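S.K.: Encoded as structure tokens, here's the structure I'll be asking about.
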Amino acid sequence: RTEDGALQCIQGPAEVPMMSPNGSIPPIHVPPGYVSQVTDRNGSGQCQLYCETKCESVVILTLQVSNVQSRSALVSWTSVSVSGSSGRVPSCSYELQLKDKGRDGKYKVVYSGEELQYTLTDLRPATDYHVRVSTVCNSMKGPSSDARAFTTHSAPPDTPLPPRLSHRTKSSLTLQWKVCMTEIAISPGEKVQKVYTFVLLTHFDDTQICFIIFLLLYEYIIILFFSCSGFSTEVVFNTTGSLPQTSLPPRLAQAGPSWVTLEWTRPNSCSNEEVVTYTLEMQDESKVLNSALLPPSHIPLIPCAVVTMAFYRYLIHLCLCSESQWVTLYRGPERKHLCEDLKPATSYSLRLSCVNVGGQSLCSDDLTVRTHIPPPGRCQPPSTVGNVKHKEMTLQWDGPLCGEESENMEFSLEMCAMEEGSEPTEVYCGSKTECTVGNLLPGTTYRFQVRAANSAGYGPYSESVEISTAAGPPGQCSPPAINVRSHTCADVTWENKVSSGIDISEYRLDWGRDLDSLELVYSGMETCFQISNLEASADYCCRLQAVNQAGAGPYSDLVMYRTPAAAPDVVSGFCCVDHPLNPTDNEPFSHSTCLALTWDEPHCNGAEITSYSISIGDRIFTTRNETCHIIRDLLPDSKYSLQIRAENEMGPGPFSQTLTVRTRPLPPSPPRLECAAVGPQSLKLRWGFSSRSQLTDDTTYTLQMENRNQRFVVVYRGSSHTFKLQRLSESSQYRFRIQAVSEAGEGPFSETYTFSTTKSLPQTLKEGNACEVTWESIPPMRGDRISYVLQMLGGRDSDYKQVYKGDETSFQLSGLQWNTDYRMRVFACRRCVDTLQELCGSFSPSAHFNLRRSDATLAVEADITRVPMGKTLTDEQFAGLIVFGVASLSVLMAFLLQLLI
């Protein structure tokens, strides 16, 4: 994040310096697969932290699965960064994801850490798995590696549950058990056989009763492979004993007025330890009496039972709940009776009394019962209400005539398509006799039937009725298919949509760059259409719609399409310029032998432009991916025809239009330079025609003079043949060179000429106007010499000017103006021998004087009593001195640059 708060994107790997004013590391956003490594250069970790972040991509090279077992496998992987370092990458972790192909098919994270291997456990035997790994660096998840598939080994079957007893006899046992879950991989063509193994353990106890212990073993046999599970838990069952012999008839032991006592003999075939039960039946009654064995101490006694005997006749009286009159329904010795011809859903009261020779007993308490409701009868067939639409219809029906309970009745409406194999579907269930059925197909016939239901259940279906929906617009078309013909042309095809009761009248195809720009490009009955004038490597989309007399159907799903890449387009803007866009110092540019060409970059058509080819005559020049080029070594004043084309990985594009250019003639040679007149402060130079070529009237000249920095600067540029230089120094040498310039270009510079100024004559003596300034001296300080600086302010000057610097304590001023006020001031400087530093004191108070003509000589002494010679410069004075020096240097550099330009 930059100072203005914006995020700056940097292409990695890169080192990015960052400043943290509070010691915290700002967030670093890197793309997936990159890590940020922060290092502290200063080592402080607190204030003014200078950090450096390195971003590098982490790539998973290999992913291996080994030591595969039935329920475990070892997964290992290696990683490498963009810099090439393999192994564990600092500040990065890994996520291992596992997918079971047979389940929901989604990857789940099973491990997250910095290790390069992990053991998968709790796997299912004989199961296909897919595993992949990805990097996580600074909470940023990188791309996942390629998935590696493996299959766990087969495992023995699970331990079965104990068998359970289904049936037994005295010599057999019937057992049942549940099939175990088995997981085993079977190759094509292998046969599997399930084998159940029993282990039978038999022993006898003191009573000689047989106990059988079963262990169940579940096995698999696959050709020659044998795998078995563990044994189930033990179970114990016993067979039944032998049937006892037929008992002897019971004997009457004692009789009473309403009871008898019977006795019988125990069968001899039964031992004393066996438990024997008896069933005693009396006449034809269903009453059963059980007599248990007497205790062992009473074994000699004879078993017996007491039975109460009575002969009764029964009367059943039935009373209706709307009625108060009792009606006798049954009279007889039976103890059950079926009451018939009762009304459904009606309450009845029943009571019972007994009659014998002694008379009739009192009636029992009333028993109230209610008859059930019968299932409803057949409903009337459903019929339509209003107009039938193309996707829905409203049906109604009349229920069966079923009396009082019709208000609790529900109805079930079923619908079935007329197609063969269609199953009926319930479309309504409720208490109303009308419903609306939706989501129907237009122009389709359906069969409907209805039935009623109450608390007793459903009644029979009504007669079925066939009803057809109205014809409607076509349904949604299948997405069209796009076949590529070229980068500018594509064929769009689609299937003939099934009609919705009415034949399709036309298809409509929309085409565009995106959903908002879709336009109708075709309408008709054909099932294909060719689209041309497409752009290369561009995204397009289309959709299809069917139309019939009922209207237009819904659009198909949007189909996206991208045209393939192609060779670049033709180059435009191909022209020749006067000055090259990328000049080089190593190879000078000449308009006579060179051509500077430039052009506009054409459309790449999906593949990056790699080079350009320039055709000039029979030669072809190949350039890099630039939009300018310089052709050298051409003939002067010659005509050339040029063409250019761009190339990419798909091939070269077409040549551009022909560009006709002409090189310029050779530039003129430099003239000979001569000195026409010499003075102490001036030089007059002249030059003539060159011996190599005849100069024309439009020729101009550039005269350059070497300055103090030994660099040539322009002193004259024009068409004249003479030039006079002023304000030169007397008796000094000056170096010159000249160059001729024409329409053909700038010619070469001439050789360097040297000319010298003469010495100046002495000036005419005038009346003296000088004065002498003196000041007190300061003794040397610890061996360091003392120098003095004298400054003067006078006339129209606004600032003091330095007029003297040296070791003397006096100075002769000359060239002063009469009747003019002057001010003088002086300060001392200490020259340090050990550090070569000059320490300057403050200025002395200024001394004022006025030079008058009547005064022959005026000596002015500077008052330096208040000048502290030993004081050094203050910080403010030193800073001001530095600013003054920098400003002076800037002005000087600007002046020199102006001279050079």
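We count from 1, first residue shown onward.
A Cβ is built for glycine as well, from the same backbone N, Cα and C atoms used for every other residue.
TrEMBL: automatically predicted annotations, no manual curation.
Annotations per TrEMBL:
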- 59-155: domain 'Fibronectin type-III' (DOMAIN)
- 378-472: domain 'Fibronectin type-III' (DOMAIN)
- 473-566: domain 'Fibronectin type-III' (DOMAIN)
- 579-666: domain 'Fibronectin type-III' (DOMAIN)
- 667-760: domain 'Fibronectin type-III' (DOMAIN)
- 209-227: transmembrane segment (TRANSMEM)
- 878-900: transmembrane segment (TRANSMEM)
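Describe the structural context of each listed feature in the structure shown, including burial, neighbouring residues and relevant distances.
M.R.: Over the domain 'Fibronectin type-III' (579-666) the predicted model carries a mean pLDDT of 88.
Long-range contacts of the transmembrane segment (878-900) within the same chain: residues 707, 709, 711, 713, each at least 6 residues beyond the stretch ends and with a Cβ under 8 Å from a Cβ of the stretch.
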S.K.: For the domain 'Fibronectin type-III' (667-760), how many residues does DSSP put in helix, in strand and in coil?
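M.R.: Final tally across the stretch: 0 helix, 48 strand, 46 coil.
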S.K.: Using DSSP, how many residues in the domain 'Fibronectin type-III' (473-566) fall into helix, strand and coil?
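M.R.: Helix (H, G, I), strand (E, B), coil: 3 helix, 44 strand, 47 coil.
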